[in-house]
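Encoded as structure tokens, the structure appears first; notes follow it.
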Amino acid sequence: MAGRLREERKYRQKNRGLVQERIRLSLVVWESRKQGTSGQAKNFITRTQAVRKLQISLPDFRRLCIFKGIYPREPRNKKKASKAATPSTTFYYTRDIQYLLHEPLLKKFREQKALSKKIARALGRGEVGNAARLEKNNAPKLSLDHIIKERYPTFIDALRDLDDALSLLFLFANLPSTTSVPAKTITLCQRLCHEFQHYLIATNSLRKSFLSIKGIYYQATILGQDIMWLVPYRFVQRVTGDVDYRIMGTFVEFYTTLLGFVNYKLYTSIGLVYPPKFDKSSDERGAELAAFTLEGRYFGEAHKAIETSRQPNGSAEKAATTSKELQAKVDNILEKTQLDTDPTDQSTEDQEENIEAIDKFEPIAPEADSLPQPQISGDEAGSLFATFTFYISREAPRAPLEFLLRSFGCKRIGWDSVLGDGAFTHDELDARITHQIVDRPQLPQASLPPLPKNPEDGTEAAPRPGTRVPGRTYIQPQWVWDCINEGKLLRPDLYAPGATLPPHLSPWVKPSERGYDPRASLADQEEEGEAERAAEAEEYENDEQEESGEESTKSKQSKELLANLARDSGDENTSGDESVNGGMDIAMAEDTDESSDDGDGADKFEGFDQDEDMSSESEDEEEKARSQHQKELEAEAAGLPFSASSQAESGTIRGKKQQAPLAKKRAAQKKKEEEELERQKMMMSRKKRKLLDKMIYSNKKQDAEAEKLRQKRRKIEQGLNKK
């Protein structure tokens, strides 16, 4: 037994020595390990270190990061990640920079750097022609096709990232050409944007649009993906120097490649040839969308999405007459052959068309859940304006209106020849026009200058502004946007020229339960007693204004009275002085006597307060008598006896007295509800109580904002009613 214990003791001592040796070795390894080889120092790299590692310049590094979609990161501890005493400001993931080492564009950047050195050397030797030849023939061309495939493995991924691309390209399409924004880039952006718009027109994919301060928002649905972009208004844009157009130009270079891929895929998916035919001469005349001609890949005839009349006025009239003759011949042939259509076939076709319509589910009970309703379908969008012929006046924005009308089925749109080529008709008096979009105020005909007349018949060459053609509907541009957002045709009389337009609301912001709804009336969304409180507050403000007005008039009258008294007393003194001693001053002895008498009287005077009280009471009685006399005069002028006017005043006072207990009752009820809520909160846990407090705070804030908006609307409506 003793020997066994000795062996166990030796074994423990041996193991203890091994454990101590392991601890010593681990400490040595920990001390010898370098800092910055693990943790945040290993995961992050600064921008300077990344540029040195890739061996490119800083502008090329920025371009490469934009192309590859790599952006700076924010570490938790900048001091640990920077590996230096002073923390850096810009960090990247080390893995991202390691990923960039294998990018083929690095070779192109290095070739560009070598070429720039050769060009600088040639210019230094004075060989300008050699430098131009090097720049023209040896400039490396960047291809971003492989980057598009890497960043967007599927076409749906590309559609999801199309919002920013469209917004930036539409922005550059409306910029003026400068040294920082060349005309070649602007032309490319315009062409790609028009091609994308043509796809939306051909497929009726546009769903919503909204006019805002920033520009015009559009929303389209392509393959189930909602795409929203912003188009600026066509004002004269001023290019400022505080914007770095080199970085924006890099984004434009990437987004043009992306949109080119997307347009090709979209066109081929519906059987159209990409790129579509482009008429440069027509585009120079301002045709824009009409300069493109879509062609089918599997059909012999061209797909005409836009109807234009490119003939001169005389040829257009000849074409109209020939078309009428052809139609008459076709009608005669049909009458001779007696082709009858079966009504059953027509009914079945109508049923098949109705099958594709989207059903709307409306809740039966008010307490039932409301399902999100489906949006307008492509067929309904394509037939919204299909039966109309529009004419856009010169003052209306032609480009957005043309795009919207064509996207929702309109094939015949005319405008003035000043706005450009590509219109269905340039004649404002064309009998085929059903709707005219006008955005100018109503002016009297006498204030307009005379128009030039035709030398042949003496008639005016063009209709005068403000003239109305019988049988034509005149609307303002907002009617088009509101009809599209509502998915149906609205009343045109609400949008007549000169009429006060209804509010233009965002189609993507739905009114909440506790929020303010500008479409609903005030009576439907006011809280209990809110109108009475507003009336009381308004009466109180009016009373204060009347009191302040009366006080100001009284002060003015008193000042005028004092001025008149002073003037009269001054006139009397001057006349008295002139009558005594030929205008000489009176001896000062009397003044001294009077002053001494006044001084004695001041020493002996008592009871000033009683006299002052008596004078104030007499003034009050005089004021009451004067006010009563004034009221009698007002009642007599109104044709009422004084008793009736006094009864009306007593009625208003009685109404105010009756409203006071109502306000007290509401305050008591509100206090009771708050006490009940506090009593219920006592039974909750701390977590639920905090959540309830947050909900109550947000609801109160929302209610206050809604009440403020309702109060503003109430004042506007009262002002309109007074007018």
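Cβ atoms here come from the backbone N, Cα and C positions, even for glycine.
Annotation source Swiss-Prot lists coiled coil at 522-551 (among others), citing sequence analysis.
Look at Swiss-Prot and you will find 656-723 (among others) tagged as coiled coil, backed by sequence analysis.
Taken from Swiss-Prot, the feature compositional bias 'Acidic residues' applies to 537-550 (among others).
Per Swiss-Prot, compositional bias 'Acidic residues' is recorded for 588-600 (among others).
What Swiss-Prot lists as compositional bias 'Acidic residues' is 608-622 (among others).
Look at Swiss-Prot and you will find 623-634 (among others) tagged as compositional bias 'Basic and acidic residues'.
Annotated compositional bias 'Basic and acidic residues' per Swiss-Prot: 670-681 (among others), in sequence order. DSSP labels the residues of the compositional bias 'Basic and acidic residues' (670-681) in these numbers: 12 helix, 0 strand, 0 coil.
Taken from Swiss-Prot, the feature compositional bias 'Basic and acidic residues' applies to 700-709 (among others).
What Swiss-Prot records for 710-723 is compositional bias 'Basic residues'.
According to Swiss-Prot, the domain 'BRCT' annotation covers 380-497, on the basis of sequence analysis. Mean pLDDT of the predicted structure over the domain 'BRCT' (380-497): 86.
Feature annotation from Swiss-Prot assigns region 'Disordered' to 440-471 (among others).
Residues or ranges marked as region 'Disordered' in Swiss-Prot: 501-723 (among others).
Across the compositional bias 'Basic and acidic residues' (700-709), DSSP helix (H, G, I), strand (E, B) and coil residues number 10 helix, 0 strand, 0 coil.
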